[in-house]
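What TrEMBL says about this one:
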type: BINDING; residues: A:10, A:11, A:12, A:13, A:14, A:15, A:16, A:17; note: NADP(+) binding site
type: BINDING; residues: A:105; note: NADPH binding site
type: BINDING; residues: A:190; note: L-homoserine binding site
type: ACT_SITE; residues: A:205; note: active site, proton donor
type: DOMAIN; residues: A:350-424; note: domain 'ACT'
């Protein structure tokens, strides 16, 4: 058995606690897999006096220097989250020749390029499996297991909070505000839920996934983002009647025109593998030219699932250290690819309108869509509401731009009382 | 860019053709990922004159020596299948210092230990991602991504032929014989379908998966095997009425008693992630102490999906060669663990009986079960058949041994006309 590999944790919150637990409880197995023990030497915290949920033999420190200057420490594990000071600490560690493992989606999505370059310059590993999908193996499968493929599509349910909320709305017929309050009470949603329900958390994750899947850097600014705050209970019920579920999807696609990356709610056919992913579970669906359709499913957050991914990265680095190798697989963004503007994105649309209940209304509406080359697949009258009619339209595949033009015309029509919602349909073919 | 890495293929059938196609069509991307070109130098075939479905610049050879003695060839890729002569060729290649990639479940399940030892002795890589689950990443995720976990359960739908057949029976209400004939006509099932419908193909795969998941060698002989030939259309329909689907499951579980490995049809609750895996798709569900529940889904066979996994292994070895490292991750069967006899396996059971339609019959049957400590969760009378009654029983969790004893008593009772079927229920809790 080789001599122990010493590591340091930056952060001792939920994920840090999980990593301490996993390293401790599975120490024997991990030692066999690595061929050396992994010893947690130091943990960086903000306040040294705070009570902790788990005992550790590690030294608690409050300054990053005592870690980056410690020659015994070979791997620095960043689990503090947030952009500052995490990014600077990671950079310092890389420059000091430490291998780095991080669970930080903000830092990877925003500063990936700089960090990879620093890792390469120092000939060290930089791994971040836990930054997307919590415990679900997805970064390594994309970089290694699917490396022979040209990926055309990566589509994920990558935010557990919103998936829990949409599942509750679907299964228990609760409205958005009630579900949000319940999710907040349970600790599934933050007091300020914007990052989750606004789609921004998912946007960071799809930026990371798309960069790897397509071999070209995709940054947060490249991602079109729309949250779930407008999803009403009747949208979910009408979708169900039509054979769909409503999910918040993070989508990356590439074709000859370039890359298209977006986060938005969508109607997904019940038959799609992602449609059955419920509650706080996450899943990532990947389509490659050789492998066809694959999906990776599991818990996208939480103390132990995230610690599972972080510790797997630690084990991988430790194996590299034992074999005297590093930087085997670093940045894979080899190309520059065009980002397609969202206006050119094509999909069928679900549109819910409240219209006047009188003759000629449907013809007028169909005419307004037709003027923008938007063809309607179906028009369904759903119910009467105070002398008006709620209708649901499903369009054929149209560009985002055409639908926006058509909707602005419609909004100005006197027979259209209210545009209830407009939601993309993510399907190869419309279910009839 | 480093100098090209030269490889040889053993076999030029379906998978070999796929590997040639993938290496050719994605050559540029693969070269960027590896940092060197991968050049296919030679292909070993049985008959040099046979027409091939894909053009290749590789030299076609018919003797293994011209490959193992070729100093330029660094990676040997075995895609011929079957035990002989594949195993000997792999051994020769390993002993000659070649890295080996194989898609061969028979060889890995039966001779894994010997091949790993040969790889270790020669300081080369031995990878076999394609041996289970076709294109689905599962071997590498188990060995690396989930390395921090103690795995308690691995359960898969790992045979596409039988999953296609059971899906057809379920969705189109076709009986076993009709579906088998159709699958054979479509080329999904072999003329002799025993390996698939008898569960033996799945048994090889779960032996490989369980060995890795539990860190202890599990051989084919350790696997209890039962196929799907007895599954009748009414079993599938009764299961559906109760909230289950019938699937051929390959199951490995470990607890303090040891390892339990088996392949058999089972009733799986509709809510289980594997329940929605249909047609020729495969999926492997893994439960770990840190990660919780995860699932890996995709195409379990076919030219290009299997080639995706084989080529990923080739890329991984090539990265190792470029970085001057090998044997980073070889055999992980560190421990010896007890294999639990199938008689001790516990599960609820579904039992379909044809019984005499007269008073006191149900009491007599319940008594026979009770005598073996088998408690009945429910007894449902399904239909009258020629003056007899077909009944379905669901038991509480009992050992395999108890159920066998109870069934032998039942079979001898005059009121029991026929034992229609006995199928395990794979569920934590019985759906009521």
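Just so you know, glycine gets a Cβ as well, placed from its N, Cα and C.
Note that TrEMBL annotation is computational and uncurated.
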If you measure between the CA atoms of residue A:17 (NADP(+) binding site) and residue A:190 (L-homoserine binding site) and round to the nearest Å, you get 20
Same-chain, non-site residues whose Cβ lies within 8 A of the A:10, A:11, A:12, A:13, A:14, A:15, A:16, A:17 Cβ center for NADP(+) are A:9, A:18, A:19, A:79, A:80
So residue A:16 (NADP(+) binding site), by the Cβ count within 10 Å over all chains shown, scores 30
Model confidence for the domain 'ACT' (A:350-424), as mean pLDDT, reads 92
Rounded to a whole number of Å, the separation of the Cα atoms of residue A:10 (NADP(+) binding site) and residue A:105 (NADPH binding site) comes to 15
Counting Cβ atoms within 10 Å of each Cβ, the densest environment among the recorded positions A:105, A:205 belongs to A:205
Out of A:14, A:17, the listed binding-site residues, fewest other Cβ atoms within 10 Å surround the Cβ of A:14
Reduced DSSP state (H/G/I helix, E/B strand, rest coil) at residue A:16 (NADP(+) binding site) is helix
Under a three-state DSSP reduction, the secondary structure at residue A:190 (L-homoserine binding site) is coil
Spatial hits near the residue listed as 'NADPH binding site' (Cα distance within 10 Å) out of the binding-site residues A:11, A:12, A:13, A:14, A:15, A:190 come to none
If you tally other C-beta atoms within 10 angstroms for each of the binding-site residues A:11, A:13, the top scorer is A:11
